[in-house]
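Notes for the one structure printed next.
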Amino acid sequence: MSIITDVYAREVLDSRGNPTLEVEVYTESGAFGRGMVPSGASTGEHEAVELRDGDKSRYLGLGTQKAVDNVNNIIAEAIIGYDVRDQQAIDRAMIALDGTPNKGKLGANAILGVSIAVARAAADYLEVPLYTYLGGFNTKVLPTPMMNIINGGSHSDAPIAFQEFMIMPVGAPTFKEGLRWGAEVFHALKKILKARGLVTAVGDEGGFAPKFEGTEDGVETILKAIEAAGYEAGENGIMIGFDCASSEFYDKERKVYDYTKFEGEGAAVRTSAEQIDYLEELVNKYPIITIEDGMDENDWEGWKALTERLGKRVQLVGDDFFVTNTEYLARGIKEGAANSILIKVNQIGTLTETFEAIEMAKEAGYTAVVSHRSGETEDSTIADIAVATNAGQIKTGSLSRTDRIAKYNQLLRIEDQLGEVAQYKGIKSFYNLKK
(Lines of atoms letter the chains of each structure in order from A and count residues from 1; the text may use other names and numbers.)
(Lines give C-alpha, C1' and ligand atoms only; values in the text may rest on other atoms or scores of the structure.)
Protein backbone atom coordinates (compact mmCIF):
# COMPACT_ATOMS: atom_id res chain seq x y z
CA MET A 1 0.00 0.00 0.00
CA SER A 2 2.92 2.37 0.64
CA ILE A 3 4.58 1.53 -2.69
CA ILE A 4 5.25 4.44 -5.06
CA THR A 5 3.10 4.11 -8.18
CA ASP A 6 3.66 7.43 -9.94
CA VAL A 7 6.02 10.41 -9.95
CA TYR A 8 5.18 13.53 -11.93
CA ALA A 9 6.93 16.91 -12.31
CA ARG A 10 5.74 20.15 -13.83
CA GLU A 11 7.22 23.60 -14.37
CA VAL A 12 5.78 26.31 -12.07
CA LEU A 13 6.88 29.82 -11.07
CA ASP A 14 8.80 30.97 -8.00
CA SER A 15 8.42 34.25 -6.11
CA ARG A 16 10.58 36.11 -8.63
CA GLY A 17 8.53 34.93 -11.61
CA ASN A 18 11.22 32.47 -12.67
CA PRO A 19 10.46 28.82 -13.48
CA THR A 20 11.05 26.10 -10.92
CA LEU A 21 9.89 22.51 -10.36
CA GLU A 22 6.91 21.07 -8.60
CA VAL A 23 6.95 17.29 -8.11
CA GLU A 24 4.12 14.96 -7.09
CA VAL A 25 4.51 11.44 -5.73
CA TYR A 26 1.62 8.96 -5.50
CA THR A 27 1.33 5.61 -3.71
CA GLU A 28 -0.87 2.51 -4.03
CA SER A 29 -2.95 3.63 -1.05
CA GLY A 30 -3.72 7.00 -2.63
CA ALA A 31 -1.31 8.81 -0.31
CA PHE A 32 0.16 11.82 -2.04
CA GLY A 33 3.00 14.31 -1.59
CA ARG A 34 4.00 17.48 -3.39
CA GLY A 35 7.32 19.32 -3.25
CA MET A 36 8.36 22.66 -4.73
CA VAL A 37 11.96 23.76 -5.20
CA PRO A 38 13.41 27.18 -4.26
CA SER A 39 16.22 29.06 -6.03
CA GLY A 40 19.00 31.41 -4.89
CA ALA A 41 20.24 34.78 -6.23
CA SER A 42 23.64 34.84 -4.54
CA THR A 43 24.87 31.27 -4.89
CA GLY A 44 27.98 29.58 -3.58
CA GLU A 45 30.30 28.30 -6.31
CA HIS A 46 30.33 24.84 -4.69
CA GLU A 47 26.53 24.43 -4.58
CA ALA A 48 24.82 21.48 -6.22
CA VAL A 49 23.79 22.27 -9.80
CA GLU A 50 20.41 23.83 -10.48
CA LEU A 51 19.61 22.57 -13.97
CA ARG A 52 18.31 25.29 -16.31
CA ASP A 53 17.47 24.93 -20.01
CA GLY A 54 19.56 27.80 -21.34
CA ASP A 55 17.05 28.42 -24.15
CA LYS A 56 17.04 32.24 -24.37
CA SER A 57 13.76 32.23 -26.32
CA ARG A 58 11.96 30.84 -23.28
CA TYR A 59 11.95 32.38 -19.79
CA LEU A 60 15.23 34.18 -20.64
CA GLY A 61 17.05 30.86 -20.60
CA LEU A 62 15.86 29.95 -17.09
CA GLY A 63 13.34 27.27 -18.06
CA THR A 64 13.38 23.98 -16.17
CA GLN A 65 11.96 21.60 -18.77
CA LYS A 66 15.15 19.50 -18.81
CA ALA A 67 14.84 18.96 -15.05
CA VAL A 68 11.12 18.20 -15.43
CA ASP A 69 11.92 15.64 -18.14
CA ASN A 70 14.60 14.09 -15.93
CA VAL A 71 12.01 13.53 -13.20
CA ASN A 72 9.29 12.23 -15.50
CA ASN A 73 11.45 10.01 -17.70
CA ILE A 74 14.48 8.95 -15.64
CA ILE A 75 13.93 9.37 -11.88
CA ALA A 76 10.31 8.17 -11.96
CA GLU A 77 11.29 4.92 -13.66
CA ALA A 78 14.02 4.34 -11.06
CA ILE A 79 11.96 4.89 -7.90
CA ILE A 80 8.51 3.59 -8.82
CA GLY A 81 8.13 0.39 -6.77
CA TYR A 82 10.03 1.72 -3.74
CA ASP A 83 8.32 1.97 -0.36
CA VAL A 84 7.62 5.68 0.09
CA ARG A 85 8.80 5.44 3.71
CA ASP A 86 12.30 4.46 2.65
CA GLN A 87 13.56 8.04 2.29
CA GLN A 88 17.27 7.26 2.56
CA ALA A 89 17.19 4.46 0.00
CA ILE A 90 15.26 6.64 -2.46
CA ASP A 91 17.59 9.62 -1.97
CA ARG A 92 20.67 7.39 -2.35
CA ALA A 93 19.19 5.81 -5.49
CA MET A 94 18.75 9.27 -7.06
CA ILE A 95 22.29 10.31 -6.09
CA ALA A 96 23.65 7.11 -7.69
CA LEU A 97 21.48 7.59 -10.77
CA ASP A 98 22.93 11.08 -11.23
CA GLY A 99 26.47 9.84 -10.64
CA THR A 100 28.14 13.28 -10.42
CA PRO A 101 29.54 14.96 -7.28
CA ASN A 102 27.34 18.05 -7.75
CA LYS A 103 24.15 16.48 -9.17
CA GLY A 104 24.97 18.12 -12.49
CA LYS A 105 23.47 15.39 -14.68
CA LEU A 106 19.88 15.21 -13.42
CA GLY A 107 19.91 18.54 -11.55
CA ALA A 108 19.70 19.13 -7.81
CA ASN A 109 16.36 20.85 -8.44
CA ALA A 110 14.95 17.67 -10.00
CA ILE A 111 16.30 15.43 -7.24
CA LEU A 112 15.20 17.74 -4.40
CA GLY A 113 11.66 18.09 -5.71
CA VAL A 114 11.31 14.31 -5.63
CA SER A 115 12.97 14.03 -2.21
CA ILE A 116 10.51 16.49 -0.63
CA ALA A 117 7.49 14.97 -2.37
CA VAL A 118 8.48 11.47 -1.17
CA ALA A 119 8.68 12.66 2.45
CA ARG A 120 5.32 14.40 2.21
CA ALA A 121 3.72 11.32 0.65
CA ALA A 122 5.11 9.14 3.46
CA ALA A 123 3.70 11.52 6.09
CA ASP A 124 0.36 11.46 4.29
CA TYR A 125 0.43 7.64 4.17
CA LEU A 126 1.13 7.44 7.91
CA GLU A 127 -1.41 10.20 8.62
CA VAL A 128 1.05 12.28 10.66
CA PRO A 129 2.33 15.85 10.21
CA LEU A 130 5.52 16.17 8.15
CA TYR A 131 7.56 17.40 11.14
CA THR A 132 6.51 14.33 13.16
CA TYR A 133 7.38 11.97 10.32
CA LEU A 134 10.80 13.57 9.84
CA GLY A 135 11.66 14.08 13.50
CA GLY A 136 9.87 11.47 15.57
CA PHE A 137 8.49 11.84 19.08
CA ASN A 138 11.25 14.18 20.32
CA THR A 139 10.21 16.99 17.99
CA LYS A 140 9.53 20.05 20.14
CA VAL A 141 11.76 23.09 19.50
CA LEU A 142 10.23 26.01 17.61
CA PRO A 143 12.98 27.96 15.85
CA THR A 144 14.02 31.48 16.75
CA PRO A 145 13.47 33.42 13.52
CA MET A 146 16.01 35.59 11.69
CA MET A 147 13.82 38.22 10.07
CA ASN A 148 15.39 39.99 7.13
CA ILE A 149 13.80 43.44 7.36
CA ILE A 150 16.36 45.37 5.29
CA ASN A 151 17.66 44.00 1.99
CA GLY A 152 20.90 45.16 0.39
CA GLY A 153 23.54 43.62 -1.86
CA SER A 154 22.31 41.28 -4.60
CA HIS A 155 18.79 41.19 -3.12
CA SER A 156 17.95 44.83 -3.83
CA ASP A 157 18.96 48.05 -5.53
CA ALA A 158 19.88 49.66 -2.20
CA PRO A 159 23.48 50.99 -2.14
CA ILE A 160 24.61 48.76 0.74
CA ALA A 161 27.11 45.91 0.36
CA PHE A 162 25.68 43.68 3.12
CA GLN A 163 22.86 41.59 1.71
CA GLU A 164 20.64 41.28 4.77
CA PHE A 165 19.97 43.13 8.02
CA MET A 166 17.99 40.89 10.33
CA ILE A 167 16.24 41.06 13.67
CA MET A 168 15.90 38.09 16.05
CA PRO A 169 13.30 38.16 18.86
CA VAL A 170 15.58 36.28 21.27
CA GLY A 171 13.76 37.46 24.41
CA ALA A 172 10.26 36.38 23.36
CA PRO A 173 8.57 33.64 25.44
CA THR A 174 7.04 31.77 22.46
CA PHE A 175 7.35 31.62 18.69
CA LYS A 176 3.93 33.24 18.35
CA GLU A 177 5.04 36.21 20.46
CA GLY A 178 8.40 36.41 18.68
CA LEU A 179 6.58 36.62 15.35
CA ARG A 180 4.38 39.41 16.71
CA TRP A 181 7.42 41.34 17.96
CA GLY A 182 9.02 41.06 14.53
CA ALA A 183 5.88 42.17 12.69
CA GLU A 184 5.49 45.19 14.95
CA VAL A 185 9.11 46.23 14.43
CA PHE A 186 8.65 45.79 10.67
CA HIS A 187 5.68 48.18 10.69
CA ALA A 188 7.50 50.65 12.96
CA LEU A 189 10.43 50.59 10.53
CA LYS A 190 8.10 51.35 7.62
CA LYS A 191 6.80 54.45 9.42
CA ILE A 192 10.34 55.66 10.16
CA LEU A 193 11.40 55.16 6.54
CA LYS A 194 8.34 57.05 5.27
CA ALA A 195 9.04 59.92 7.67
CA ARG A 196 12.57 60.14 6.24
CA GLY A 197 11.24 60.17 2.70
CA LEU A 198 12.85 56.79 1.96
CA VAL A 199 11.38 54.12 -0.31
CA THR A 200 9.27 51.42 1.37
CA ALA A 201 9.11 49.02 -1.57
CA VAL A 202 10.27 45.54 -0.57
CA GLY A 203 13.03 43.32 -1.98
CA ASP A 204 13.07 39.64 -2.92
CA GLU A 205 12.75 38.46 0.69
CA GLY A 206 10.15 40.99 1.81
CA GLY A 207 12.49 43.45 3.51
CA PHE A 208 12.77 47.13 2.70
CA ALA A 209 15.50 48.33 0.35
CA PRO A 210 15.90 52.05 1.14
CA LYS A 211 18.77 54.27 0.07
CA PHE A 212 20.57 54.38 3.42
CA GLU A 213 23.79 56.31 3.86
CA GLY A 214 25.62 53.12 4.78
CA THR A 215 25.66 50.04 6.99
CA GLU A 216 25.56 51.94 10.29
CA ASP A 217 22.64 54.08 9.13
CA GLY A 218 20.75 50.82 8.47
CA VAL A 219 21.54 49.44 11.93
CA GLU A 220 20.71 52.71 13.71
CA THR A 221 17.38 52.86 11.90
CA ILE A 222 16.53 49.29 12.95
CA LEU A 223 17.37 50.17 16.58
CA LYS A 224 14.97 53.14 16.37
CA ALA A 225 12.27 50.84 14.98
CA ILE A 226 12.78 48.35 17.84
CA GLU A 227 12.38 51.19 20.35
CA ALA A 228 9.39 52.69 18.52
CA ALA A 229 7.65 49.29 18.61
CA GLY A 230 8.09 49.22 22.40
CA TYR A 231 10.88 46.64 22.67
CA GLU A 232 14.46 46.74 23.85
CA ALA A 233 17.53 45.84 21.87
CA GLY A 234 19.62 43.10 23.47
CA GLU A 235 19.42 39.63 25.00
CA ASN A 236 16.10 40.29 26.75
CA GLY A 237 14.48 41.65 23.63
CA ILE A 238 15.54 41.80 20.01
CA MET A 239 19.05 41.36 18.60
CA ILE A 240 20.50 42.11 15.18
CA GLY A 241 22.15 39.93 12.55
CA PHE A 242 23.85 40.42 9.18
CA ASP A 243 24.24 38.34 6.08
CA CYS A 244 27.28 40.04 4.59
CA ALA A 245 27.32 37.73 1.54
CA SER A 246 30.96 38.80 1.27
CA SER A 247 31.67 36.61 -1.75
CA GLU A 248 29.45 38.96 -3.73
CA PHE A 249 31.89 41.87 -3.29
CA TYR A 250 35.19 40.04 -2.80
CA ASP A 251 37.72 40.76 -5.56
CA LYS A 252 39.59 37.48 -6.09
CA GLU A 253 42.40 39.01 -8.12
CA ARG A 254 43.20 41.82 -5.69
CA LYS A 255 42.17 39.73 -2.64
CA VAL A 256 40.17 42.58 -1.13
CA TYR A 257 36.59 43.17 -0.01
CA ASP A 258 35.51 45.85 -2.48
CA TYR A 259 32.49 47.69 -1.08
CA THR A 260 32.43 50.00 -4.12
CA LYS A 261 30.69 47.22 -6.07
CA PHE A 262 27.45 48.02 -4.23
CA GLU A 263 28.14 51.30 -2.42
CA GLY A 264 29.77 53.24 -5.26
CA GLU A 265 32.78 55.47 -5.56
CA GLY A 266 34.40 56.40 -2.27
CA ALA A 267 33.26 53.23 -0.46
CA ALA A 268 35.75 51.14 1.51
CA VAL A 269 38.09 48.57 -0.01
CA ARG A 270 39.24 46.27 2.80
CA THR A 271 41.86 43.56 3.14
CA SER A 272 40.92 40.34 4.91
CA ALA A 273 42.38 41.67 8.18
CA GLU A 274 40.54 44.98 7.77
CA GLN A 275 37.27 43.16 7.08
CA ILE A 276 37.65 41.31 10.39
CA ASP A 277 38.46 44.57 12.20
CA TYR A 278 35.38 46.19 10.69
CA LEU A 279 33.07 43.35 11.74
CA GLU A 280 34.53 43.46 15.25
CA GLU A 281 33.88 47.22 15.36
CA LEU A 282 30.22 46.63 14.53
CA VAL A 283 29.92 43.86 17.14
CA ASN A 284 31.45 46.11 19.80
CA LYS A 285 29.08 48.94 18.94
CA TYR A 286 25.74 47.20 18.37
CA PRO A 287 23.70 44.27 19.82
CA ILE A 288 24.73 41.85 17.07
CA ILE A 289 24.24 38.11 17.69
CA THR A 290 24.85 36.56 14.25
CA ILE A 291 26.97 37.26 11.16
CA GLU A 292 26.59 35.13 8.04
CA ASP A 293 29.30 34.85 5.37
CA GLY A 294 31.42 37.58 6.93
CA MET A 295 34.32 36.41 4.75
CA ASP A 296 34.56 35.17 1.16
CA GLU A 297 33.73 31.49 0.59
CA ASN A 298 37.34 30.69 -0.37
CA ASP A 299 39.05 32.90 2.23
CA TRP A 300 39.75 30.06 4.66
CA GLU A 301 42.48 31.94 6.50
CA GLY A 302 40.14 34.89 6.90
CA TRP A 303 37.38 32.65 8.24
CA LYS A 304 39.73 31.08 10.78
CA ALA A 305 40.98 34.49 11.92
CA LEU A 306 37.41 35.82 12.19
CA THR A 307 36.37 32.78 14.25
CA GLU A 308 39.39 33.17 16.51
CA ARG A 309 38.47 36.83 17.05
CA LEU A 310 34.68 36.70 17.38
CA GLY A 311 33.64 33.03 17.57
CA LYS A 312 32.90 33.02 21.30
CA ARG A 313 30.79 36.19 21.16
CA VAL A 314 28.85 35.95 17.91
CA GLN A 315 27.32 33.21 15.78
CA LEU A 316 29.42 33.01 12.60
CA VAL A 317 27.32 31.28 9.96
CA GLY A 318 28.75 29.61 6.86
CA ASP A 319 26.39 29.73 3.89
CA ASP A 320 28.32 30.06 0.62
CA PHE A 321 31.25 28.87 2.75
CA PHE A 322 29.71 25.45 3.56
CA VAL A 323 26.87 25.14 0.97
CA THR A 324 25.09 22.61 3.25
CA ASN A 325 27.81 20.12 2.33
CA THR A 326 29.25 17.75 4.95
CA GLU A 327 32.62 17.68 3.18
CA TYR A 328 33.13 21.45 3.56
CA LEU A 329 31.59 21.44 7.04
CA ALA A 330 33.97 18.69 8.19
CA ARG A 331 36.91 20.80 7.03
CA GLY A 332 35.51 23.87 8.81
CA ILE A 333 35.11 21.91 12.05
CA LYS A 334 38.64 20.53 11.77
CA GLU A 335 40.22 23.92 11.04
CA GLY A 336 38.11 25.97 13.47
CA ALA A 337 36.37 28.05 10.81
CA ALA A 338 32.87 29.43 11.61
CA ASN A 339 30.68 28.05 14.40
CA SER A 340 27.39 27.61 12.56
CA ILE A 341 26.07 26.33 9.24
CA LEU A 342 23.21 27.64 7.14
CA ILE A 343 21.04 24.78 5.92
CA LYS A 344 19.54 25.22 2.46
CA VAL A 345 17.96 22.08 1.07
CA ASN A 346 18.63 23.00 -2.55
CA GLN A 347 22.35 23.58 -1.95
CA ILE A 348 22.83 19.85 -1.44
CA GLY A 349 19.75 18.37 -3.10
CA THR A 350 18.18 15.70 -0.84
CA LEU A 351 16.55 15.57 2.59
CA THR A 352 18.90 12.75 3.63
CA GLU A 353 22.01 14.86 3.00
CA THR A 354 20.36 17.89 4.62
CA PHE A 355 19.72 15.94 7.82
CA GLU A 356 23.28 14.58 7.78
CA ALA A 357 24.66 18.13 7.65
CA ILE A 358 22.49 19.24 10.59
CA GLU A 359 23.55 16.19 12.61
CA MET A 360 27.25 16.73 11.88
CA ALA A 361 26.99 20.39 12.90
CA LYS A 362 25.30 19.61 16.20
CA GLU A 363 27.77 16.85 17.07
CA ALA A 364 30.61 19.37 16.61
CA GLY A 365 28.91 22.02 18.75
CA TYR A 366 28.01 24.14 15.72
CA THR A 367 24.53 25.61 15.44
CA ALA A 368 22.36 24.92 12.37
CA VAL A 369 20.10 27.56 10.83
CA VAL A 370 17.44 26.22 8.45
CA SER A 371 17.00 28.66 5.58
CA HIS A 372 14.86 29.68 2.63
CA ARG A 373 16.23 31.03 -0.67
CA SER A 374 15.58 34.42 -2.23
CA GLY A 375 13.51 32.75 -4.96
CA GLU A 376 10.86 30.93 -2.91
CA THR A 377 7.47 29.26 -3.33
CA GLU A 378 4.45 28.61 -1.13
CA ASP A 379 6.04 25.30 -0.06
CA SER A 380 6.59 25.37 3.72
CA THR A 381 8.76 22.24 4.10
CA ILE A 382 11.64 24.13 5.72
CA ALA A 383 9.37 25.05 8.66
CA ASP A 384 8.78 21.34 9.31
CA ILE A 385 12.50 20.56 8.89
CA ALA A 386 13.44 23.24 11.44
CA VAL A 387 11.11 21.71 14.04
CA ALA A 388 11.81 18.07 13.09
CA THR A 389 15.54 18.53 13.73
CA ASN A 390 15.14 20.80 16.79
CA ALA A 391 17.52 23.09 14.89
CA GLY A 392 16.55 26.07 17.02
CA GLN A 393 16.80 28.73 14.30
CA ILE A 394 15.14 29.53 10.98
CA LYS A 395 15.84 32.18 8.39
CA THR A 396 12.86 32.73 6.15
CA GLY A 397 12.64 36.38 5.24
CA SER A 398 10.74 39.41 6.35
CA LEU A 399 7.22 40.01 7.59
CA SER A 400 5.71 40.48 4.15
CA ARG A 401 5.20 38.46 0.95
CA THR A 402 3.22 35.24 1.11
CA ASP A 403 6.23 33.17 0.01
CA ARG A 404 7.88 34.12 3.35
CA ILE A 405 4.76 34.26 5.54
CA ALA A 406 3.79 30.71 4.46
CA LYS A 407 6.69 29.37 6.57
CA TYR A 408 5.85 31.53 9.59
CA ASN A 409 2.18 30.50 9.44
CA GLN A 410 3.17 26.83 9.29
CA LEU A 411 5.32 27.33 12.40
CA LEU A 412 2.33 28.91 14.18
CA ARG A 413 0.28 25.81 13.32
CA ILE A 414 3.03 23.50 14.55
CA GLU A 415 3.39 25.40 17.84
CA ASP A 416 -0.38 25.08 18.31
CA GLN A 417 -0.33 21.35 17.52
CA LEU A 418 2.58 20.66 19.88
CA GLY A 419 0.80 22.50 22.70
CA GLU A 420 2.59 22.29 26.04
CA VAL A 421 5.42 20.23 24.53
CA ALA A 422 6.50 23.17 22.35
CA GLN A 423 9.69 24.98 23.37
CA TYR A 424 10.96 28.34 22.12
CA LYS A 425 14.55 28.79 23.20
CA GLY A 426 15.27 32.33 22.05
CA ILE A 427 18.72 33.39 23.24
CA LYS A 428 19.44 29.80 24.33
CA SER A 429 19.41 28.81 20.65
CA PHE A 430 22.97 30.17 20.58
CA TYR A 431 24.23 27.37 22.79
CA ASN A 432 27.87 27.62 21.70
CA LEU A 433 28.43 31.28 22.60
CA LYS A 434 29.90 32.54 25.86
CA LYS A 435 27.29 34.93 27.23
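Counting starts with 1 at the first residue shown.
Cβ atoms are placed via backbone N, Cα and C, with glycine included.
According to Swiss-Prot, the features are:
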BINDING   Q163, K344, R373, S374, K395  (2R)-2-phosphoglycerate binding site
ACT_SITE  E205  active site, proton donor
BINDING   D243, E292, D319  Mg(2+) binding site
ACT_SITE  K344  active site, proton acceptor
D243 (Mg(2+) binding site) versus K395 ((2R)-2-phosphoglycerate binding site) - Cα distance in angstrom: 11
Structural state of D243 (Mg(2+) binding site), classified by DSSP into three states: strand
Candidate nearest D319 (Mg(2+) binding site) in space, where candidates are the recorded positions Q163, E205, K344, R373, S374 and distance is Cα-Cα: K344
Residue from E205, D243, E292 whose C-alpha is spatially nearest that of R373 ((2R)-2-phosphoglycerate binding site), among the recorded positions: E205
Listed in sequence order, residues not in D243, E292, D319 with Cβ within 8 Å of the centre of the Mg(2+) site Cβ atoms: Q163, E164, F242, C244, A245, I291, D293, V317, D320, L342, K395
When distances run from the Cα of E292 (Mg(2+) binding site) to each of the recorded positions Q163, E205, K344, S374, the nearest one: Q163
Nearest-integer angstrom distance between the alpha carbons (Cα) of the residue listed as 'active site, proton donor' and K344 ((2R)-2-phosphoglycerate binding site): 15
Diameter of the (2R)-2-phosphoglycerate binding set by C-alpha atoms, the set being Q163, K344, R373, S374, K395, in angstrom: 17
Neighbouring C-beta atoms (10 Å sphere around the C-beta of K344 ((2R)-2-phosphoglycerate binding site)): 26
D243 (Mg(2+) binding site): nearby binding-site residues from Q163, K344, S374, Cα cut-off 10 Å: Q163
E292 (Mg(2+) binding site) in three-state DSSP notation: strand
Neighbour-count leader, CB within 10 A, binding-site residues: Q163, S374: Q163
